Amino acid sequence: MLNKQNKLYLQAQAYWDFLRIEKQVSPHTLTNYQRQLLAISEMLIAAQIDDWQAVDASVVRWILTQSHKQGLGAKSIGLRLVVLRQWFAYLVQRHYVKVNPAVGIKAPKVARHLPKNIDAERMGQLLDVEVDEPADIRDLAMMELMYSSGLRLAELQRLDLGDMDLIDAEVRLLGKGNKERIVPIGSRALTALQAWLTVRPSFNPQDNALFLNKRGGRLSHRSIQLAMQKWGERQGLATRLHPHKLRHSFATHLLEASTDLRAVQELLGHSSLSTTQIYTHLDFQHLAKIYDASHPRARRKRED
């Protein structure tokens, strides 16, 4: 690997501040962009291209071809193209280059492999567990909330206490692109969250993060993944339990029971459906009605 102190990579230093401050990308996204642009700059330096102004569409295609030869899959090559496109958009904006050479170049198609969902009966066995240890109470609350409301891992990880409305059984989420949405919380998840909030002070909280590690700080993405993996192993789950499997199961179970596809899609926070939502606006009351009628662990309303 070439030293990071190469001319091409050094030119991107101000770009990292732009992404972090103006675009407010997550640390994970920033690290990915840095890793990709470093790999690209090393590839160009090795080809004796030492100025971004020398990169045209043919060079971009060469980068993608070389990436394939290095063993990168379609998804990774697609990410590399996205990084290039965004980087050159920044350079155009700063008047360093006149055109974006990555525009119009298509990424390789990625075969979509959705994780297998856990059926509703097995999900019940996974979550209907008596817990006493504070860490287990926390982990159960995380899983109930993810399955109850279809959260992404990043959405769960960044939750603060103020994002929860336990009276109205709602949670405010900040999704991809900093897009906010409000989703309902099912009764089982609500009970699990209340149990967690009872023992949360024993973790000596250092901030307002909803889910804490043993030092009182916010749980990391990796810690959440490991906690769920260990939970699945303890409950005898045949396949690895990871956060997205809970989100996928949430979507699958709702779609199996509901005839309103758009409601489920809005609950998931899929930005790609914005065009459809122009024609059919779904308010929260409607989403909550679909949720209550469809989710196997919802039943938020008490029967008098």
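Cβ atoms are placed via backbone N, Cα and C, with glycine included.
Noted in Swiss-Prot for the protein shown:
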DOMAIN    6-92  domain 'Core-binding (CB)'
DOMAIN    113-292  domain 'Tyr recombinase'
ACT_SITE  Arg152  active site
ACT_SITE  Lys176  active site
ACT_SITE  His244  active site
ACT_SITE  Arg247  active site
ACT_SITE  His270  active site
ACT_SITE  Tyr279  active site, O-(3'-phospho-DNA)-tyrosine intermediate
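You'll find the Cα of His244 (active site) roughly 15 Å from the Cα of Lys176 (active site). Residue counts of the domain 'Core-binding (CB)' (6-92) by helix, strand and coil are 69 helix, 0 strand, 18 coil (DSSP-based).
Over all protein chains present, the Cβ of Arg247 (active site) has 22 other Cβ atoms lying within 10 Å.
A 10 Å cutoff on Cβ-Cβ distances gives His244 (active site) a total of 13 other Cβ atoms nearby, all chains included.
Taking the Cα atom of each, Lys176 (active site) and Arg152 (active site) are about 9 angstrom apart. Taking every protein chain shown into account, Arg152, Lys176 are the active-site residues, and of these the Cβ with the most other Cβ atoms within 10 Å belongs to Arg152.
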